[in-house]
Amino acid sequence: MIDQWNWFTGRIGIDSFSIVVAWQNPTTSELIGAGAASVVVIGGAVTVALLTWFRLWGPLWRNWLTSVDHKRIGIMYVVLAFVMLLRGVLEGVVMRTQQAAGLGGGFLTPEHFGELFSTHGTIMVFFVAMPFVAGLINYVMPLQIGARDVSFPVMNQISLGMTAAAAALVMVSLVVGQFSTGGWTGYPPYTGMDFQPGPGPDYWIWSIVIAGVGSTLSGINFAVTIYKERAPGMHFFRMPLFTWTALTAAIILIFAMPPLTVAALMLAADRYLDFHFFTNDLGGNMMNYINLFWLFGHPEVYLLVLPAYGVYSEVIATFSGKRLFGYPSLVWATMAIAVLSFTVWLHHFFTMGQGANVSAAFGIATMLIAVPTGVKVYDWMATMFRGRIRMTTPMVYSVGFLILFVIGGLTGVILANPSIDTQVHNSLFLVAHFHNVLIPGVLFGMLAGYHYWFPKAFGFRLDETWGKIAACLWIIGFSLTFMPLYVVGLMGMPRRTVAFADPAFQPFMLVAVIGAAVVLCAVGALAVQLFVSIRDRKANNVFAGDPWNGRTLEWFTSSPPPDYNFAVVPEITQRDAFAVAKAYGDAYQEPPEFEDVEMPANTAFGFILCVAAGAFGFGLVFYIWWLAALSLLVIVGAMIARSFVAETERTIPAAEVAADYRRWLDAVRAAEPVDRTQEQGAANRGHALRELPEGVV
C-alpha cells in the first residue's frame with residue numbers, strides 16, 4: 001500500500017475500502033466484511049438523519065457533547081460501551097460459527113479470522129469493559145462520597161473524548177483498510193513491518209495510545225476526587241465498597257496504563273522510524289514488549305474486576321436487606337488484590353524460558369491472589385445468609401457471578417502451576433479461563449450495576465421481566481459457549497485456529513456456537529428491555545429517588561439528581577449513612593438555609609480534542625502527514641485557547657436550589673412508602689418504607 005502513497009490521501013487507495021474489495025472479489029469472507037462496513041456507514045447515516053429530523057443537534061450539543069457534568073459523562077461512557085458491545089458480540093458469534101464449520105475449512109479466510117480475534121479482544125477489553133467501568137465510576141462515585149462533581153471536570157470530558165476517538169478509529173477500520181491480525185495484545189514480530197506493512201497494526205497502536213492517555217487521566221481524576229472531595233465525616237472506612245474499589249482501580253490505572261502506552265509508542269517507533277526495540281534483528285527483543293504489555297495486562301484484569309466487585313457488594317447488601325458482612329476484610333482484600341496484581345504478570349508467558357525459580361515465584365504469587373478473592377466470595381455469601389433476599393435482575397447477575405466466577409478462579413489456580421500451564425498454553429483451555437473470569441466477573445457486574453443504578457440516572461425503573469430474561473440468557477449462553485472450550489483445550493485444540501482436522505472437536509464447537517447465539521439473544525433482550533422500559537417510563541417513575549431501599553448517599557437525592565447533586569453537602573457520622581438517616585427519621589429534612597452553588601461551565605474543549613485526536617490517529621495510520629500535523633496544531637491551539645478562558649464556572653442561585661429541593665421533598669411526601677415486596681410494582685415511586693436496618697441500634 002505504500003506504493004500508492006500521495007500527499008493528499010496518504011496510502012488510501014480505491015482498494016482500501018472493504019466494500020470495493022468485496023465488489024472486486026465477492027467471496028463469502030469479503031462479503032461479510034463489506035456487510036459489516038455497510039452497517040457502520042448506514043448506521044452513521046441513519047443516526048445523523050434522525051438527529052436532524054427530530055432537531056436534536058442543539059440539545060445534543062448543549063446538554064451532552066459540551067457538558068462536564070460527571071453524570072452525563074458517565075452515561076456517555078456507558079452508551080459507548082453498549083455500542084461497542086454489540087460489535088464485539090457479533091464478532092464473537094462469527095468466530096464461533098467459523099470454528100463450528102472449521103472441520104470443513106469454514107467460510108472465513110485466515111486473515112479475516114485473524115482480524116476478528118484481534119478486534120474482538122481489543123474492543124471487549126478497551127472499548128467495552130473499560131468504558132463501562134469508567135462510566136459507572138463517573139456516575140456513582142461522586143454521589144456516593146457526597147461530592148458535587150469530580151475534582152477535574154474538564155479533564156473528565158477530555159478522557160471521554162480520547163476514549164471515543166480511539167473507539168471511532170477501531171470502527172473506521174471496518175470501512176477503510178484492515179485491522180491488525182496480531183491479536184489484542186499486539187505482539188511483535190507479528191505486528192512488525194516485515195509481517196504486516198499495511199495499516200492494521202497502526203490502527204491498533206494509535207487506538208491504544210489515544211485511549212491510554214484518556215484512561216490515565218481518568219485514573220488521576222478518580223483518585224484525586226476520592227482523596228479530596230469526600231463529604232465531611234466520611235473517613236476512608238466509612239466509604240461504600242464501590243468507592244473503595246473505584247479508588248483501587250484508579251491507582252492501578254495510574255501505574256499500569258503508562259507501560260502499555262510506552263510499549264505501543266515504542267512499537268510505533270519500530271514501524272515508522274525503523275527503530276529496533278522489538279524486532280528480531282539489530283538488537284531488538286520482542287520479550288521486552290511482552291513484559292511491558294503484561295506489566296499492564298494483568299493489573300488491567302483487576303482494574304476491571306475490582307469495580308465489579310464493588311457493584312456486587314452494593315447489590316448484594318441492598319437486596320439482602322443487610323449491612324455488608326465483613327466490611328473491613330473486604331476493604332483489605334481489595335487493597336491486597338491491587339498490590340498483588342503487579343506481582344503476577346509473568347504467568348502469561350511461563351513457556352518463554354525464564355527459568356524454574358522465576359516461574360515458581362510468579363506461580364506462587366498467582367495462587368496467593370486467590371486468597372483475598374476467596375475472602376470476598378465468603379463475605380458476599382455471609383451477607384446473603386439469613387438475609388431478606390429479593391431476586392431482582394441485579395441479584396440474578398450476582399448469583400450467576402458467584403457460581404461461574406468460582407469456576408473461572410479455580411481454573412486460574414490450576415494455570416498458576418507452571419508445569420500445567422506449559423501443557424495447556426495457547427490452547428482453548430486458556431480462552432475458556434479468561435472468558436470465565438472476565439464475563440461473569442466484569443460484564444455481569446457492569447450489567448448488574450446498569451440495572452441497579454439506571455433508576456437513579458433516568459428516573460424510572462427498567463422492566464424486570466425482560467431484565468431477568470436477559471440475565472438468564474447471559475448465564476446460559478456463557479455456559480454453553482465457554483464450558484466446552486475447557487474440554488477441547490485439554491484435548492489439544494489451539495486457540496486462534498481458523499480450521500481444524502480432528503473431528504472429535506466438532507461436537508463441542510457446535511455446542512459453543514449455540515451458546516454464542518444465546519448470548520446474541522441476551523443482547524437483543526437488553527434492547528427490548530430498554531424499549532419497553534422507555535415506553536412504560538411514566539408507570540415506573542421513581543423521582544423520589546430511593547426505589548431499592550438503598551443504603552448509600554447516591555439514593556439521598558432525586559432521580560435523576562440535579563446538576564449539583566446535593567442541595568447541601570451531607571455530613572457523615574457512620575457507614576451506610578442514608579440507611580441510618582432513614583432509620584432515625586432524619587433523611588428528608590429541609591435545611592435551615594440554601595446557598596448559591598458554583599459548578600463548572602460547559603465547554604467544547606473536550607469535543608475539539610476528541611475530533612482532533614481521532615483525525616491525528618487516522619492521519620498517522622494512513623501516512624496523511626498534513627492531516628496529522630494539522631490535527632496536532634489544533635490540539636495545541638485548543639490547549640492554548642483554553643488557558644485564556646476566564647469564566648470557567650457558572651452559579652446556580654440559592655432560590656433555584658431551594659425550589660429543586662422542595663420539589664423533591666414534595667414528591668417524596670406524595671409517594672406512598674413501599675416495602676420490599678412492592679418494589680417491582682406500580683406503587684414504587686422511589687420512597688422506601690422506613691425500617692430499622694440490620695446492624696443499626
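Glycine is no exception: its Cβ is also placed from the backbone N, Cα and C atoms.
Taken from TrEMBL, the feature domain 'Cytochrome oxidase subunit I profile' covers 55-573.
Annotation source TrEMBL lists transmembrane segment at 31-54 (among others).
The annotation transmembrane segment is assigned in TrEMBL to 117-140 (among others). Outside the transmembrane segment (117-140), and at least 6 residues removed from its termini, the chain residues within Cβ reach (under 8 Å) are 70-71, 73-78, 80-81, 84-85, 87-88, 91-92, 95, 150, 156, 159-160, 163, 166-167, 170, 173, 179-185, 200, 204, 207-208, 211, 215, 218, 222, 242, 246, 249-250, 300, 303-304, 307-308, 311, 438, 442-443, 446, 449-450, 453, 456-457, 496, 554.
Sequence annotations record features per position, and here TrEMBL assigns transmembrane segment to 160-184 (among others). Only residues 6 or more beyond the boundaries of the transmembrane segment (160-184), in the same chain, are considered here, and those with a CB under 8 A from a CB of the stretch are 12, 16-19, 33, 36-37, 40-41, 73, 76-77, 80, 84, 87, 111, 114-115, 117-123, 125-127, 130-131, 134, 190-191, 195-196, 198-201, 203-204, 206-208, 210-211, 213-215, 217, 496, 606-607, 609-611, 613-614, 617-618, 621-622.
According to TrEMBL, the transmembrane segment annotation covers 204-227 (among others).
For 289-312 (among others), the entry in TrEMBL reads transmembrane segment. Within the chain, the transmembrane segment (289-312) has long-range Cβ neighbours (under 8 A, six or more residues past its boundaries) at 125, 129-130, 133, 136-137, 185-188, 240-246, 248-249, 252-253, 255-257, 259-260, 262-263, 266-267, 277-278, 334, 337-338, 341-342, 344-349, 352, 376, 380, 398, 401, 437-438, 441-442, 444-446, 448-449, 452.
Proximity of distant same-chain residues to the transmembrane segment (324-346), defined by a Cβ-Cβ separation under 8 Å and at least 6 residues beyond the stretch ends, is recorded for 237, 241, 244-245, 248, 251-252, 255-256, 291, 294-295, 297-299, 301-303, 306, 309, 313, 316-317, 354, 358-359, 362, 365-366, 368-369, 371-373, 375-376, 378-380, 382-383, 385, 575. Marked as transmembrane segment by TrEMBL: 324-346 (among others).
Taken from TrEMBL, the feature transmembrane segment applies to 358-375 (among others).
Within the chain, the transmembrane segment (396-416) has long-range Cβ neighbours (under 8 A, six or more residues past its boundaries) at 308, 312, 315-316, 319, 347, 363-364, 366-367, 370, 373-374, 377, 380-381, 424, 429-430, 432-433, 435-437, 439-441, 444-445, 447-448, 451, 468, 471-472, 474-475, 478-479, 486. TrEMBL lists 396-416 (among others) with the feature transmembrane segment.
What TrEMBL lists as transmembrane segment is 428-454 (among others). Tertiary proximity for the transmembrane segment (428-454) is limited to same-chain residues at least six positions away from its ends with a CB under 8 Å from its CB atoms, namely 78, 81, 124-125, 128-129, 132-133, 136, 139-140, 301, 304-305, 307-309, 311-312, 314-315, 318, 392-395, 397-398, 400-401, 404-405, 407-409, 411-412, 415, 461-462, 467, 470-471, 474, 478, 481-483, 485-486, 488-490, 493-495, 526, 548, 554.
Under 8 Å from some Cβ of the transmembrane segment (466-488) lie the Cβ atoms of residues 96, 392-393, 396-397, 400, 404, 411, 428-429, 431-433, 435-436, 439-440, 443-444, 447, 451, 505, 508-509, 511-512, 514-522, 525-526, 528-529, 532-533, all in the same chain and six or more residues away from its ends. Taken from TrEMBL, the feature transmembrane segment covers 466-488 (among others).
If you look up TrEMBL, you'll see 508-532 (among others) marked as transmembrane segment.
The transmembrane segment feature in TrEMBL is assigned to 599-618 (among others).
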Stretch in 31-54, 358-375, 508-532, 599-618 most in contact with the transmembrane segment (204-227), if contact is a CB pair under 8 A: 599-618
Surrounding residues of the transmembrane segment (599-618) on its own chain - C-beta under 8 Å, 6+ positions past either end: 62, 65-69, 148-149, 153-154, 157-158, 160-162, 164-166, 168-169, 172, 206-207, 209-210, 563-564, 624, 627-628, 630-632, 634-635, 638, 642, 645, 647-652
Mean of the pLDDT scores, which run from 0 to 100, over the domain 'Cytochrome oxidase subunit I profile' (55-573): 97
